[in-house]
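Notes to accompany the following structure.
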Amino acid sequence: MQKINLKHFIVNSTNLVQRQNVPWMSSLILVIIVSRSSITFLAGVAYPLASLATITYLGNERVRYGAYYMWTNVGTSTLIVASAMIAWRVRIKICGVDGYGYFASFLIASFFFFSSLLSLPFFKFKYETDRTLNWMEIKSVVLNGHYIYMYILTFHLGACVAFQIFWEFWYLDGLQASPLVMGAAALIRRPLLAAFIFTSCYVIERIGELNTVCISFLLFTVAFFALSFSRVYWYVLAVDTLHSAGYGLAKSALTVHFSKAGSKASSGVILGLDSMFFFLGMDCGATFFGLLFHAIGVRSTLILYAGMTAIMLAIFLCYLKFSKHINEYEKLPVDSDDDVDDSDANDDNKHINNLK
């Protein structure tokens, strides 16, 4: 009789705790969703504009885009390392259990965003109001089979990068990695990513952006396959180098490639679509990883991603091999407003016809 009463007491106590925690957890999830959606929206606006400004500044030397884009990862590395060090020193209690103070990362990120505003007075802004969007040109790019396929590759790139951005620290935590190890991972990974993005300048200049994407997808295939058999967090950090190389090369190559799809007036929309598919791929990839981890396990999920990336790579290689006009898409467009001769007034229309 006493055992039965004790059992009912435990069950009733558990139900009471759950009823008390559900409203609090619901509010927390709502806050996370709203904050994450806001950050994604702002990043989706900031990244295309920053890329467009950089491409416009570089002009015909846009293969050097990676030399500027790499600084985003230098800043990210600094943020993660600082957050890991503070989280290691500051401990908090969560439901009576001691935990690391990861909340410090939000405070440090807020400081970084605020301090970035201090640089605005040192920028020189130039707005060219005489340019108007050429919707015919944008339509020709969006409905062009080549660029549709490039947007699909961009989506898949985002889905591959999702593991490194959203799930790798969870994976390292499951392998008993401490916050200092995760900080070391950021200290190693992000500078390496910045280095690979910088290296993309020379790779793209030598072999072209489309061949650079092929190398990137090959690296992702090898990385996911190797990661599926890694059960020591130091091995995971070593394999992560391949992820960084694939991400750095492909992101720079695709940005440079889409910047050649139209005139300067239309590049904002085209690069915006590029960022949209990349961020959409990251969010969908993060969801797919979580669902697949739960359904078929970690190793099977990573092998599945390796197989899908290998298939994407094989199809892309066949496309590059048998396409007759693939070299036309790597040529720089000529903007009519860059020349003073009236004979060049129809350059935008010539570029549109080349896309068809």
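We count from 1, first residue shown onward.
In case you wondered, yes, glycine gets a Cβ from its N, Cα and C as well.
Here's what TrEMBL has on this protein:
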type     : residues : note
DOMAIN   : 29-301   : domain 'Major facilitator superfamily associated'
TRANSMEM : 68-88    : transmembrane segment
TRANSMEM : 100-125  : transmembrane segment
TRANSMEM : 146-167  : transmembrane segment
TRANSMEM : 179-203  : transmembrane segment
TRANSMEM : 210-227  : transmembrane segment
TRANSMEM : 271-296  : transmembrane segment
TRANSMEM : 302-322  : transmembrane segment
COMPBIAS : 335-346  : compositional bias 'Acidic residues'
REGION   : 335-356  : region 'Disordered'
COMPBIAS : 347-356  : compositional bias 'Basic and acidic residues'
Cβ pairs under 8 Å between the transmembrane segment (210-227) and the transmembrane segment (146-167), at least three: yes
Long-range Cβ neighbours of the transmembrane segment (271-296) (under 8 Å; 6 or more residues past either end): 40, 43-44, 47-48, 51-52, 55, 142, 151-152, 154-163, 165-167, 251, 254-255, 258-259, 304
